[in-house]
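According to Swiss-Prot, the features are:
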REGION    4-156  region 'N-terminal SAM-like domain'
REGION    157-202  region 'Linker'
BINDING   CYS209, CYS223, CYS226, CYS228  [2Fe-2S] cluster binding site
REGION    209-228  region 'Fe-S binding site A'
BINDING   CYS279, CYS282, CYS290, CYS293  [4Fe-4S] cluster binding site
REGION    279-293  region 'Fe-S binding site B'
MOTIF     279-282  motif 'Cx2C motif 1'
MOTIF     290-293  motif 'Cx2C motif 2'
Amino acid sequence: MSPSMPVATTVAADPIAVGAVAVKRPALVIGSLSTAEDGTYQALISDLQSSRQVDRQLLDRLVDNATTLEPSSYDSVHITLAPSDYQGLTQKLPQLLSQLLTGLTPLGTLHLINLTSAVRTLPSELTLAGFNVLSALPDEGTIIAQKPQHVASTSVPLKSRQPGALLNRKKTDPAKKQALWALSSPSTPKIDPEALLTAEDKTRLTPACEPVRSSAPRRKKACKSCSCGLAELEEEERKLGKVVLLDGSQDGTAKEVSQDEKERLIIAAKAAPKATSSCGSCFLGDAFRCAGCPYLGLPAFKPGEKVEIDFGMDDF
């Protein structure tokens, strides 16, 4: 059997007092097939059995989840592997460290033995897993880490509302709640809306045109080759219709004439020799005169009547 590897002595983290004797919790030794063949695994177990109970596990069973560790069941965990085992454990190292952190008691220690320079990132991996690195001895190939002492978390139950608490609540009067949002109080005097109306407001307006009767039949218009007499009826109505002539002067008035009178005035204006203009309707008043008409501003005159423009009428 090969000589035993140096093992760091540990102090029991959580001794259980049985009378006056302090009993240590078991230790866990983790090895591999390589360390079992060269005797390192067995030598480590023999050294630890002199002071406490020792449990044994192989690395592949923990990595493959073939077995799990009971929470807070070991005071210390000792790992002895070959350099090739440490190199092949790089991808599954966080998973293994998480299991070991669960299996250790608070302030329990983790001992990594027979390390090489190929695992220089192991201290940082231990810190990320939740361990406190106590000592790192690269020359001796040993790292000791400790599980921190966490304060046990306690759950605080939330108080549920008692059934009687709803009955003790003060009930709100619906009338008071409605009065809070009312725009006026009951003591406010009311205003008669009819008193706000004047006599003019109450006067019924006279419609400017006849009301439209949707049920009344629509009147047809005469066609071009009318032979039913509708064209003659429309022509008679046109002649009997009235036309309003507006005087565009400042004091001008409106005069209502018939269609025949309008046609007579137009014919007379065309026949008048002195009433010369481009439109031929200057005698009708400013409403029928263009912007450059010389008679603009003068009252209407009869066709053929001589109109004299006094220059004294202009304001110089």
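Cβ coordinates come from backbone N, Cα and C, glycine included.
For the region 'Linker' (157-202), the model gives a mean pLDDT of 73. Neighbour counts of Cβ atoms within 10 Å were compared for the binding-site residues CYS223, CYS226, CYS228, CYS282, CYS290, and the top value is held by CYS282.
For the region 'Fe-S binding site A' (209-228), the list of distant contacts is 234: same-chain residues at least six beyond its ends, Cβ to Cβ under 8 Å.
There are 16 other CB atoms within 10 A of the CB of CYS293 ([4Fe-4S] cluster binding site), with all protein chains counted. Rounded to a whole number, the C-alpha distance linking CYS223 ([2Fe-2S] cluster binding site) with CYS290 ([4Fe-4S] cluster binding site) is 36 angstrom.
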